[in-house]
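Asker: Sharing a structure here in structure tokens format.
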Amino acid sequence: MDANSNWILESGTTWLSLALVGVTLLASTWLWRRYANGVEAVAPALKTDSFTTFRLVSKTAVSYNTRIFRFALTSPNQQLGLPPGRHIVIRARVPDAEEPILRPYTPISKPDTCGYFELLVKIYPAPNGRMGRYLDSLVPGRDAAEVRGPSGSFTYRPNMVAELGMIAGGTGITPMWQLIQVILGDASDRTRIKLIFANVKAEDILLRSEIDAIAAQYPDRFARFYVLNEPPADWKMGTGFVTTEHIRDFIGLPAENKLVLLCGPPPMNKAMREHLEGLGYDKSAIFRF
């Protein structure tokens, strides 16, 4: 065998060794990602182009007309796959509708929750609230809902603004609560949050114990102000409807690197936008879910 033959043989052996090392590294990386922390990683549950069926596993009453619905994902290690600020769409076939009805919902469970997701839904009497009544008719352990997502145009990034104002009404608290959990749960995110939450009565304040607890835990980063149409006698926060003065005194005037989010009934959203613009907020500093 001549020198050239030896070089070819040695080169071939070297390249084969390198290839084997490369394959081993790729396999190791894949296994690490698949079994990071001893838990097998699973692809997110949501699909943007089709509906996926998720079984209802529990239904919990949190007020006289509001429930928390928990739906199971395919695997206990699976996440829903919903970025902060986005929502899902539920499709339902109800007897009094010719076509399936579609409604958006924001889960109240954290985006990184594994194995399930939870929806906070208010049940309205007929003829309104067909989706809520449909969900309330589902039997845990037997029935399922059809879900698609993520949907929506708002994308949250850590520290994208210095201050985030939030004005919510009723179940409009759900996208706010999702973001509150994500932002305050990230030690590297220094965003300050101020929430105005409007309701009719004190018993209508959804997630109140959770909101109060997180306000006590992060006093320098989160503050809340409740406004009630029908307050109790000893009420010390806002009364009536949310006014320009409430916004000015609690959320404050416009500032650089500040954004205000809105989520409530359409008339409320319209009024809040008018209040904010009257205070000098630019349209680009206001986002409605």
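Including glycine, each Cβ sits where the backbone N, Cα and C put it.
Where the annotation comes from TrEMBL, it is an automatic prediction and has not been curated.
Below are the features I grabbed from TrEMBL:
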{"type": "TRANSMEM", "residues": "12-32", "note": "transmembrane segment"}
{"type": "DOMAIN", "residues": "49-157", "note": "domain 'FAD-binding FR-type'"}
{"type": "BINDING", "residues": "Arg103, Pro104, Tyr105, Leu120, Lys122, Met131, Thr174", "note": "FAD binding site"}
Asker: Tell me the Cβ neighbour count for Met131 (FAD binding site), meaning other Cβ atoms within 10 Å of its Cβ, over all protein chains shown.
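Answerer: There are 20 of them.
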Asker: Can you give the largest Cα to Cα distance in Å, as a whole number, for the residues Arg103, Pro104, Tyr105, Leu120, Lys122, Met131, Thr174 that bind FAD in the record?
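Answerer: Answer in Å: the longest Cα-Cα distance is 16.
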Asker: Are there residues of the same chain, six or more positions away from Thr174 (FAD binding site), whose CB falls under 8 angstroms from its CB, and which are they?
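Answerer: In sequence order, the residues whose Cβ lies under 8 Å from that of Thr174 (FAD binding site) (at least 6 apart) are Tyr105, Thr106, Pro107, Ile108, Leu119, Leu120, Cys263.
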Asker: When secondary structure is assigned with DSSP, how many helix, strand and coil residues does the domain 'FAD-binding FR-type' (49-157) contain?
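Answerer: Within the domain 'FAD-binding FR-type' (49-157) the tally stands at 8 helix, 47 strand, 54 coil.
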Asker: Counting only residues 6+ away in sequence within the same chain, which have a CB under 8 Å from the CB of Lys122 (FAD binding site)?
Answerer: Asn65, Thr66, Gly129, Gly132, Gly170, Thr171
Asker: Mean pLDDT across the domain 'FAD-binding FR-type' (49-157), rounded to an integer, is what?
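Answerer: Over the domain 'FAD-binding FR-type' (49-157), the predicted model scores a mean pLDDT of 95.
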